[in-house]
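K.L.:
The structure follows.
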Amino acid sequence: MALLPAVGIPSPAPPQQIPFISRNNHTNPKTTSETTVSWTSRITLLSRNGRLAEAAKEFTAMRLAGVEPNHITFIALLSGCGDCEDLGVSLHGYACKLGLDRNHVMVGTAIIGMYSKRRRFRKARLVFDRIEDKNSVTWNTMIDGYMRSGRVDDAAKVFDEMPERDLISWTAMINGFVKKGLHEEALAWFREMQVSGVKPDYVAVISALAACTSLGALSFGLWVHRFVVSQDFKNNVRVSNSLIDLYCRCGCVEFARQVFDEMEKRTVVSWNSVIVGFAANGHAHESLVYFRRMQEERFKPDAVTFTGALTACSHVGLVAEGVGYFEAMKRDYRISPRIEHYGCLVDLYSRAGRLEEALKVVESMPMKPNEVVIGSLLAACRTHGNDTELAERMMKRLSELKVKGHSNYVILSNMYAADGQWEGASKMRRKMKGLGLKKQPGFSSIEIDDRTHVFMAGDSAHVENGYIREVLELISSDSRLQCSVVETLGGD
């Protein structure tokens, strides 16, 4: 389904700027019909080119000329009214006068789309309910509008009421769940979609792979990959890029390499996925090999590419090469370094133990350093000699910039504790409390039967918590018993 595009344009010109065109009451029906077509053609062309103010002016002139608009005229104008609610409301009123809002499904659907883009769902739903003969596009427009705004329950209700769900309906729901961060729900709906006999297209598959990537659901991702291989879109670049991203996020770099090598056509995103993915998984040298291959094959690196290359250099301690890439990015490719590039440079120096040089980078950054950049240097202070003096300087800088984040205070507190400076450690804890910062608990996850289970320290929220604790107690008792037998027998 091709939804009506939102177009960012200025408001329509005021009436006094519109040239007056005399009303002609003596036109015959044929002439009127031909005139409506010619006016509508001009209005449609202007609206499609994003010139809504001119299209509205033309529409006003059309009415002053005594020419009645048809459904195409309304659809052309409504398709561009996403950012101009006043015009949209006026067109809605005019359509109501002619009965097109409920008697002509395409006009009614265009009005629903216009209100949905403006998040005026009460009005959109009123129009939806009044349309006498809805088609699949009408239902899908309402569902898509709700899902794009995160109104999942409302979208699900409309979906359940829909007489016959099609590919677009299912895809709108799945994609909406992914954008809302409800990844498990997205995969559940993807399964249900296939059970219902609706065959996913590449858009639905990409959404499902995005959910798998966020959850780390490798087994479900493998199943989706097998499904892709059997489909006509198996060579779709976007699908292949999504598979590479999934495998890299799950640590399966060989699978990612296989997908990349089998691609008939690659984009910069394809190269970035393997370069960043290999670097993040500790395959730094291979990441740099792909970085050089990319340039040899005449693909132009972008900001993301250099983030991957700098990360790779950082992980293997290639300081000179990393600094060279940073300078080449600015000099040869005219890419302005972003905070993540400066973060990589700080990490590069920090991992190599060159803390003063890392500090100079932080102090010379053209933007405010964030918690990640400062944290990288603080972690290096702890790793390389527990340098509390430099860490204190960094924390002072952090306070001056009003950068909040619990992890850096925890790092410095632990450094004080490691040095036996208990007063300093206590001071950091008090400061965290004063700023309202809390240490976020770490968590672990495991995938069982296509479902990801997340556990945190001291967590008792899992539905199988009682059973899990019984099994752990059984394992613990068995271990104690084994140790007692070994001690009794005098074994090792």
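Glycine is treated like the rest: Cβ placed from N, Cα and C.
Pulled these from TrEMBL:
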- 22-34: compositional bias 'Polar residues' (COMPBIAS)
- 15-34: region 'Disordered' (REGION)
- 35-69: repeat 'PPR' (REPEAT)
- 135-169: repeat 'PPR' (REPEAT)
- 170-200: repeat 'PPR' (REPEAT)
- 236-270: repeat 'PPR' (REPEAT)
- 338-372: repeat 'PPR' (REPEAT)
K.L.:
Roughly where does the repeat 'PPR' (35-69) sit in mean pLDDT, to the nearest integer?
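P.N.:
In the predicted model, the repeat 'PPR' (35-69) has a mean pLDDT of 86.
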K.L.:
Who are the chain neighbours of the repeat 'PPR' (170-200) in space, where the CB to CB distance is under 8 Å and they lie at least 6 residues beyond its ends?
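P.N.:
Sequence-remote neighbours of the repeat 'PPR' (170-200) are 140, 143-144, 146-148, 150, 152, 155-156, 159, 207-208, 210-212, 214-215, 217, 220, 227, 450-452.
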K.L.:
In the repeat 'PPR' (35-69), how many residues does DSSP call helix, how many strand, and how many coil?
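P.N.:
Helix (H, G, I), strand (E, B), coil: 27 helix, 0 strand, 8 coil.
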K.L.:
Looking only at the repeat 'PPR' (236-270), what are its DSSP counts of helix, strand and coil residues?
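P.N.:
Once the DSSP states are binned, the repeat 'PPR' (236-270) shows 25 helix, 0 strand, 10 coil.
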K.L.:
How does the repeat 'PPR' (170-200) divide up by DSSP, counting helix, then strand, then coil residues?
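P.N.:
Reading the DSSP string over the repeat 'PPR' (170-200) gives 24 helix, 0 strand, 7 coil.
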K.L.:
Per DSSP, what is the helix/strand/coil residue tally across the repeat 'PPR' (338-372)?
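P.N.:
Split by secondary structure, the repeat 'PPR' (338-372) comes out as 25 helix, 0 strand, 10 coil.
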